[in-house]
Ligand SMILES: O=C[C@H](O)COP(=O)(O)O
């Protein structure tokens, strides 16, 4: 099965209104990209980002959502609010949220259901810590996270998995190509056993963790790697453009 590659940028807690110029630059540089392009700005910029990307095929995403559609949850944002602001996607279970906010895979599964209910595609993040890798537990940790974080009803249209080794995020370090392929193959296998081979073959599995313009093409060419979830190198259009080109192949 041919899966269209996805270049997804996660701006994390970065970006003031001046950063909208980066989206405008990408819009102008890629009128008809040969891959899917997604920017996940902070929630404060979502609506304006949607205006900046209007008329282009750049899609926008949130970085988290609450399990409820609305209610007394001070400081939280619902999936419906993300959608209303122009988002089509939402990143869920990023390791920074698992670490900073104690998010469990069970909670991530509930958030995924909330995202689907609002019509969003969920990008569900998994990944091992350095200690877990050193202990030889990577495949066990990652496949367990996949099984527990992806709820019943997953289909390719609404589900993306992002493999992000925690120790590779923002460090300039990446696993070897063989290590990336090993984990991505294991993730697809876990999806096949959890759902079906057909569903697993359709779901895109992104790699994230120190993806740069200089290493993106090599990583995106690996078996079962369907694009990237990019942090630091997505903040500047000039950098992210190189990653989009790598995803275009
Ligand atoms: O969501 C993105 C990842 O955490 C990767 O971040 P990074 O590209 O800055 O290493």
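Every residue, even glycine, has its Cβ placed from backbone N, Cα and C.
Remember, it's a predicted structure, so these values are computed and weren't measured experimentally.
Between the candidates 149, 210, TrEMBL assigns the substrate site shared with 10, 11, 12, 170, 231, 232 to 210. Of the recorded residues, residue 170 (substrate binding site) and residue 164 (active site, proton acceptor) place their C-alpha atoms 11 Å from one another. On the backbone, the CA of residue 12 (substrate binding site) and the CA of residue 94 (active site, electrophile) stand 10 Å apart. A straight line from the CA of residue 11 (substrate binding site) to the CA of residue 94 (active site, electrophile) spans 12 Å. When Cβ atoms from all protein chains are considered, those within 10 Å of residue 164 (active site, proton acceptor) total 26, not counting its own. Close to ligand 1, meaning a Cβ under 6 Å from one of its atoms, are these of the recorded positions 11, 12, 164, 232: 164, 232.
A gap of 15 Å separates the Cα atoms of residue 210 (substrate binding site) and residue 94 (active site, electrophile).
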